[in-house]
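K.L.:
Got these off Swiss-Prot a minute ago, pasting:
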COMPBIAS  826-855  compositional bias 'Pro residues'
DOMAIN    28-294  domain 'Dynamin-type G'
DOMAIN    653-744  domain 'GED'
MOD_RES   TYR231  phosphotyrosine
MOD_RES   LYS299  N6-acetyllysine
MOD_RES   TYR597  phosphotyrosine
MOD_RES   LYS598  N6-acetyllysine
MOD_RES   THR755  phosphothreonine
MOD_RES   SER764  phosphoserine
MOD_RES   SER848  phosphoserine
REGION    38-45  region 'G1 motif'
REGION    136-139  region 'G3 motif'
REGION    205-208  region 'G4 motif'
REGION    235-238  region 'G5 motif'
REGION    741-870  region 'Disordered'
Amino acid sequence: MGNRGMEELIPLVNKLQDAFSSIGQSCHLDLPQIAVVGGQSAGKSSVLENFVGRDFLPRGSGIVTRRPLILQLIFSKTEHAEFLHCKSKKFTDFDEVRQEIEAETDRVTGTNKGISPVPINLRVYSPHVLNLTLIDLPGITKVPVGDQPPDIEYQIKDMILQFISRESSLILAVTPANMDLANSDALKLAKEVDPQGLRTIGVITKLDLMDEGTDARDVLENKLLPLRRGYIGVVNRSQKDIEGKKDIRAALAAERKFFLSHPAYRHMADRMGTPHLQKTLNQQLTNHIRESLPALRSKLQSQLLSLEKEVEEYKNFRPDDPTRKTKALLQMVQQFGVDFEKRIEGSGDQVDTLELSGGARINRIFHERFPFELVKMEFDEKDLRREISYAIKNIHGVRTGLFTPDLAFEAIVKKQVVKLKEPCLKCVDLVIQELINTVRQCTSKLSSYPRLREETERIVTTYIREREGRTKDQILLLIDIEQSYINTNHEDFIGFANAQQRSTQLNKKRAIPNQGEILVIRRGWLTINNISLMKGGSKEYWFVLTAESLSWYKDEEEKEKKYMLPLDNLKIRDVEKGFMSNKHVFAIFNTEQRNVYKDLRQIELACDSQEDVDSWKASFLRAGVYPEKDQAENEDGAQENTFSMDPQLERQVETIRNLVDSYVAIINKSIRDLMPKTIMHLMINNTKAFIHHELLAYLYSSADQSSLMEESADQAQRRDDMLRMYHALKEALNIIGDISTSTVSTPVPPPVDDTWLQSASSHSPTPQRRPVSSIHPPGRPPAVRGPTPGPPLIPVPVGAAASFSAPPIPSRPGPQSVFANSDLFPAPPQIPSRPVRIPPGIPPGVPSRRPPAAPSRPTIIRPAEPSLLD
């Protein structure tokens, strides 16, 4: 096998198998193993018991194996068994092992005859076994019995295919000798997933139960239905032997005697039997693992990379580290601070592309939602003019004023400034809600420690609420400051003279920068929601909003214009969301009760989210399209008061109206600039500093460290299992690395060498005795991988055969053919207890002059032979 590292391959695969089974998943990694497949009562379980040398598997009629049994055989000086689901217990009585298998099977499948794909992991340590990993699968059945579901045949087949379809699995196809090989369910399933026969090993059981005068010689010689890895025959105990408590070791001795004494099998007795099968499976599994090493290493590395992302927060410490709770607390708090800052400040590292972060949402509040709230409180023209006229009249009293009083201007401005408090405080509330949501998102990584997560959220949320009071006080102070002094000397204020010049202007909309250009305020997709089905139903268009009109096009290329709607006399109203609709809708209508589009009094425009609706409303406000007033207006009284003004009073009202509009715009601009700065300084930046510098101290003072770091049972189990798998994968990669660098690669021998069969069938039928090669050096396994090997890979001089014997073999070539063609292999190893009969014409002691045969000599299978794989 190369070196000691190769001998550790099977235990390594066992360790990975245990790690993955304990996690409850296969980690998408196909581990090399041997799956035992066969019909019901074909003798699969008996073969496994013969390997172990103990009776430990359930027996009975019908389906006995109802869950896959992953059997890990490990060579050890002591003999005991362990189950993965109860690691702490060592079973020395194998009757208890059988009872535990039955109990564990019933625990998952119930006491009826149902099956389950969840495997049972059993590890057997014994001085009588070779390292092997096998999977005992339920026997293939046709008819449901008892409480089995009617599709039991397909359930079992699907379960078997789940295990044998993996390219890394060898298939041990068990077929009884008293059954026609062409009808073998095991070989049929094996051919479905392994049509080339590269992974299939045939096992023929019940050779002693064949009808008198028949034998399975053609099958075992790989003539009838050839497999690349050949067939091995075994003889198990009969039911009478089992009931009579016949010892397995006595059964193995009887098996050995059967093959030595049977005339059809004695010439191949050294290649038959349970010990040879066990040795062959050990060799082939080890070689199979060696061939799978590159792909296995690649899969291990890929799995390790995916695991590193999941265990990043606790991969630097082991579960048995006594200081891990302190490390975990520090690491969790630091990670929480980093995550919070990234979500607020933004980061190019690991950007979330599915939803907006907390910082992006706060930015939208500052620059879309808050300006929208400011503009939404836009005063009504008629109400404002009426208030100005009342203020002028009340200031003059009984006197008739000749000049426009500036006190009326100050009174109206102060009244408008007070209205700013509500949208400003609402902005603070929106930001606080986003901050709290961000804290909850960041603490989701602390879910392993429920108490720590709860305390962290409580402490940070309490601090945010404290900062809320400070921030709101500061914002109210800013508004009071604006109200305390009306600075009419501001550089942006139009002044009295300009206000009089503008008194003749009737259009209050935003001035366009250049006469030849149209200011585009917003573009985007909207759905016209209230077009009747007779006219095509709801349709999506590309809308373009300017300072003068709303246009929509077929697509974003803006080539095919569908309609252009002037903004004069338009207003916005909310529309309730439909019961089955996931769209958010608002409507545009004409205040003069005119149709807006074709025969529609209002256009209902639909967006995907409420945020898009708010953003479009803010854009319409910039264009001068305001929301509909909720309260009913006394239009008659307003008209009466407005139109009853004399021309001089009307000019004074218009002048003050322009002054108020100019000064309120200055205040709005100042508030829009100071609000984000105030909130950032007093709330967001202070919260970040608190998390980085004071949160840990608050956590230590609020509760005991041990209680904070108490894990939920599920999270602790998941974390420990994941860490175990992580370290097992790293250890596996290290072992594979050592093997890869220190193993001397040799050409892999052919899976089957049946040249002895070919030579026997292609020459004279005269029975001859074949000489035997020298014995292999102790401790070295034969170089041939297949269970039915041909001649040895190391040629032996003919003269050396004088001390050994060989049984008679039919159709052995005569001496003329030996000397005529010196390229033939020397005779294969045979049983060393038979007397020597030297073929006539061969002088003893004459060695071959040909060089030793290469170990990678290709296998030749005669095309005339029928094949299972055709």
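We number each residue from 1, going along the chain as drawn.
Glycine is treated like the rest: Cβ placed from N, Cα and C.
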K.L.:
Count, for each of the modified residues LYS299, LYS598, the other C-beta atoms lying within 10 angstroms of its own C-beta, and report the residue with the smallest count.
P.N.:
LYS598
K.L.:
Given the modified residues TYR231, TYR597, which one's Cβ is surrounded by the fewest other Cβ atoms within 10 Å?
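P.N.:
Minimum Cβ neighbour count within 10 Å, taken over the modified residues TYR231, TYR597, occurs at TYR597.
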K.L.:
Looking only at C-alpha atoms, tell me how far LYS299 (N6-acetyllysine) is from TYR231 (phosphotyrosine), rounded to the nearest Å.
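P.N.:
Just about 32 Å between their Cα atoms.
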K.L.:
Give the helix, strand or coil assignment DSSP yields for LYS598 (N6-acetyllysine).
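P.N.:
Coil, per DSSP.
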K.L.:
Where does LYS299 (N6-acetyllysine) sit by DSSP, helix, strand or coil?
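P.N.:
The three-state answer is helix.
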K.L.:
C-alpha of TYR597 (phosphotyrosine) to C-alpha of TYR231 (phosphotyrosine): distance in Å?
P.N.:
85
K.L.:
Can you give me the Cα-Cα distance between LYS598 (N6-acetyllysine) and TYR231 (phosphotyrosine) in Å, rounded to a whole number?
P.N.:
86
K.L.:
Per-residue pLDDT averaged over the domain 'Dynamin-type G' (28-294) comes to what?
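P.N.:
Mean per-residue confidence for the domain 'Dynamin-type G' (28-294): 83 out of 100.
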